[in-house]
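The feature active site, for OMPdecase activity is assigned by TrEMBL to 93, 95, 98. As annotated by TrEMBL, substrate binding site applies to 40, 62, 187, 252, 272, 273. What TrEMBL records for 104-114 is compositional bias 'Polar residues'. As annotated by TrEMBL, domain 'Orotidine 5'-phosphate decarboxylase' applies to 34-288. Annotation comment: TrEMBL describes 99-120 as region 'Disordered'.
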């Protein structure tokens, strides 16, 4: 098996079956960034401003769409346009955790979008399917990436996959091929994602590599919950990143880009307040982009940027 830690993102893309994984990894090399912004704002205008301001520097724009107080469909239209303009993927940080199961055969009585296999009783059961496909936000229709807690069991993956792998573009009729991340670890103090939990999440991911392409986590995993060896490749997105390691009064524990990418072998650094809380937003974005990218270049044995 290849050593994925020393391979370029583009080289690793060839080892993934999920199209979102391929798109993300090649985008990162093309754009020379492994930076993601956590857009934890509560208004439409603020969200779109963040996307337009930081779009040139990032590979992933992470949203919490359910905290937007003035959400409307125009927000999604504009966000998708900014995704295309600045060449980044959208990640709705929904953290699904409800029960789910594989969808039943199609029925004309369903209220789900017509290109998603519906259920005979659209108002009952398959909660996570409806949360992902329909409701107010229709997350699957616009978010390239979403995530889920593995705690409900493998059924949650099957339920989400029944939507994410069966969704088609209304304009081109081609598969949208969404991707899922599992929350293997969290960056807050006292998190219960310890013990065998990460390795169990890893095992679930290995069984569902058509849809699960990576993790939210603090380190690379294997079925033993240790450093990856001769195992499949996954993409690791890591929250809680700042230039200086420290914490806050809510238990968030921060790590530096070099600690995350070079030392722990993760791939995408997720930064929030370090970006939109900076006096000079664009300068901060370039500093984080360069720090994350140089850590990656060091990891694969390439010369760093000046």
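The backbone N, Cα and C atoms fix where each Cβ goes, glycine too.
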Minimum Cα separation from residue 40 (substrate binding site), reported as the residue among active-site residues 93, 95, 98 that achieves it: 93
Site of maximum Cβ density within 10 Å, from recorded positions 62, 95: 62
Cα-Cα distance linking residue 93 (active site, for OMPdecase activity) and residue 272 (substrate binding site), given in Å to the nearest integer: 13
Nearest-integer angstrom distance between the alpha carbons (Cα) of residue 93 (active site, for OMPdecase activity) and residue 62 (substrate binding site): 6
Residue pair residue 187 (substrate binding site), residue 95 (active site, for OMPdecase activity) - Cα distance, angstrom, rounded: 14
Secondary structure of residue 40 (substrate binding site) (DSSP, helix/strand/coil): coil
Fewest-neighbour residue among active-site residues, criterion Cβ within 10 Å, set 93, 98: 98
Residue 40 (substrate binding site), number of other Cβ atoms within 10 Å: 16
Distance [Cα-Cα, Å, rounded] between residue 98 (active site, for OMPdecase activity) and residue 273 (substrate binding site): 29
Residues that sit under 8 angstroms from residue 273 (substrate binding site) by C-beta distance, when 6+ apart in the chain: 242
Other CB atoms, at most 10 A from the CB of residue 272 (substrate binding site): 19
Residue 187 (substrate binding site) CB neighbourhood, other CB atoms within 10 A: 20
For residue 98 (active site, for OMPdecase activity), the three-state class that DSSP assigns: coil
Whole-number mean of pLDDT values that fall within the domain 'Orotidine 5'-phosphate decarboxylase' (34-288): 87
